[in-house]
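Chemist: Here it is, the structure in full.
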Amino acid sequence: VRDSCEPVMQFFGFYWPEMLKCDKFPEGDVCIAMTPPNATEASKPQGTTVCPPCDNELKSEAIIEHLCASEFALRMKIKEVKKENGDKKIVPKKKKPLKLGPIKKKELKRLVLFLKNGADCPCHQLDNLSHNFLIMGRKVKSQYLLTAIHKWDKKNKE
């Protein structure tokens, strides 16, 4: 369960809870029977799934929900996106803070965001960097993790 859930949790800045770490339980003592080796594996969806922070519709309810759940929010232009250690590293060009949260003003100048475990999943918002974006996220340890990204549309008053 951990192996399938933890990567999705990390996209949003959460790690596997300490209380569920396997080494706290006696080995072989599980309440759910293990799947026999000859059982057929559940079919997995075909194709590459979109990074969860990128898989959202531009609806005001979704934006407000992300904003409330995030520690920080910025309007920004993106200079570049790189792959680094299995993550997508997002380097801002210009940024305007909307909600600073844990970001200190002096850190804002050198701010770099990470899409945790996002190196190989598509994020269509990042295909064209000429737009402004609404970026939301949270700080985990010393990294600022992107938890939602929306194209900033000046014309859409919603």
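Cβ atoms here come from the backbone N, Cα and C positions, even for glycine.
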Chemist: Pick from Cys31, Cys51, Cys54, Cys68: the cysteine that Swiss-Prot pairs with Cys121 in a disulfide bond.
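Modeler: Looking through Cys31, Cys51, Cys54, Cys68, the record in Swiss-Prot gives Cys51 as the partner of Cys121.
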Chemist: So among the disulfide-bonded residues Cys51, Cys68, who's got the most Cβ atoms within 10 Å?
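Modeler: Of the disulfide-bonded residues Cys51, Cys68, the most buried by Cβ count within 10 Å is Cys51.
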Chemist: Taking the Cα atoms as reference points, how far is Cys123 (disulfide bond) from Cys51 (disulfide bond) in Å?
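Modeler: About 6 Å separate the Cα atoms of these two residues.
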Chemist: Can you tell me whether DSSP puts Cys68 (disulfide bond) in helix, strand or coil?
Modeler: helix
Chemist: To the nearest Å, how far is the Cα of Cys68 (disulfide bond) from the Cα of Cys51 (disulfide bond)?
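Modeler: Counting only the Cα atoms, the answer is 20 Å.
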